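Asks: The structure that follows is given in the form of structure tokens.
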Amino acid sequence: MSGVCQGKPSSLPTSPSSSPTHGQPLWLLAELTYKCPLQCPYCSNPKDFADFSEELTTQEWIKVFEEGRKLGAVQLGFSGGEPLVRQDLGELIKAARDLGYYTNLITSGVGLNEHKVAEFREAGLDHIQVSFQASDETVNNMLAGSKKAFQQKLKMAREVKAQGYPMVLNFVTHRHNIDQIDRIIELCVELEADYVELATCQYYGWAYENRQQLMPTRAQLERAERITNEYRVKLAAAGNPIKLIFVTPDYYEERPKGCMNGWGQVFLTVTPDGQALPCHSARMLPMEFPNVREHSLDHIWNDSFGFNHFRGYEWMKEPCLSCDEKEKDFGGCRCQAFMMTGDAHNTDPVCSKSPNHDMILQAREEAETPAAEPFLYRNERNSRVFCKG
Ligand code: FES
């Protein structure tokens, strides 16, 4: 097991290589806290999250929201950890709504109750996404590391609908639950979800550590996609407006995803302790990212090294540099390139043109033989293993 925070020294320069044109940060993700009552082994939070405990205050967050709106951000997601842990969540939602954001709460539902749902509605929250681990109570609770999680999620999903919210249900799928995709969809129909994200696990943070235990086989994946397509047809014919979104894992692709719609183009994440990132996983990269306690979002977005370095194409190596698909996929995911090859400038190994694509092929092969090792759960004790401090 290799910890990213014990990882490689920075090989990156310390000043921007270029200042290519870029848009505005349309999507602001406020990771309010790394605290979470659950312990999902596929969490994308940094493995060394226990090192970062000094959370932004209410006023510091509101300042971030104000600066984000001035830069043109229109959508604000509250996530974590579990954002419900923050006692000022209602106040933050109200501040964001007053500034004109479309607001979205991304929650496990654990810690939610009918009073909070009503309070958030009063504060102007637009939209709630509740995540489940499985359609089966035993599997759900095994993955969440909590005996009560499933019943609580069911109750809260019903409450969210009862109070008139549009609701997204999110299921991260992997080898332990993907064969129950039909039951997952049936559960979503029963709970009257408006949107369902059937998102095959992507391997970042804790999920990367647990990849061998999580990665489905190609046959599992193809079956799940086929069943989802059949349900789409069946539900549409029955007049059910539910939308099923099936997200395939890039480990089974031959071309990489255009991660984040391009580095520093649309997304801006702020971590619980104020670090500003172009994507939620970038904290692992061996490079400097600015903190909102020290810099304005304007400076961070437009002038900082962390946001400028992977904009445009000048940073690219071959085969990306001369590739005629680079404007579509930007060389893939910088975090994935770093995790797998140790250099974030490399082509994402998902790409079949990458000299490191054999790593992906090997992961596919390993998926055919389930790992006997137990999960490394995402919790504070396990996080300490990866911490520097
Ligand atoms: Fe960071 Fe893809 S997750 S660039």
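Yeah, the Cβs are placed from backbone N, Cα and C, and that goes for glycine too.
Remember, predicted model here, so these are calculated numbers, not experimental data.
Below are the features listed in TrEMBL for this protein:
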BINDING   Cys36, Cys40, Cys43  [4Fe-4S] cluster binding site
COMPBIAS  9-20  compositional bias 'Low complexity'
DOMAIN    22-237  domain 'Radical SAM core'
REGION    1-20  region 'Disordered'
Asks: When you measure from the Cβ of Cys36 ([4Fe-4S] cluster binding site), which residues in the chain that are at least 6 apart have a Cβ under 8 Å away?
Replies: Cys43, Asn45, Gly80, Gly81, Glu82, Val85, Ser108, Arg378
Asks: Taking the centroid of the Cβ atoms of Cys36, Cys40, Cys43 as the [4Fe-4S] cluster site, which other residues of that chain lie with their Cβ within 8 Å of it, listed in sequence order?
Replies: Leu38, Gln39, Tyr42, Asn45, Gly81, Ser108, Trp206, Arg378
Asks: By a simple count, how many Cβ atoms lie within 10 Å of the Cβ of Cys43 ([4Fe-4S] cluster binding site), its own Cβ left out?
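Replies: Cys43 ([4Fe-4S] cluster binding site): 23 neighbouring Cβ atoms within 10 Å.
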Asks: Who sits close to Cys40 ([4Fe-4S] cluster binding site): which same-chain residues at least 6 apart have their Cβ under 8 Å from its Cβ?
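Replies: Within the chain, Cys40 ([4Fe-4S] cluster binding site) has Cβ neighbours under 8 Å at Gln133, Leu143, Ala144, Gly145, Val172, Trp206, Tyr377, Arg378.
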Asks: Over the domain 'Radical SAM core' (22-237), what is the model's average pLDDT?
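Replies: Over the domain 'Radical SAM core' (22-237), the predicted model scores a mean pLDDT of 94.
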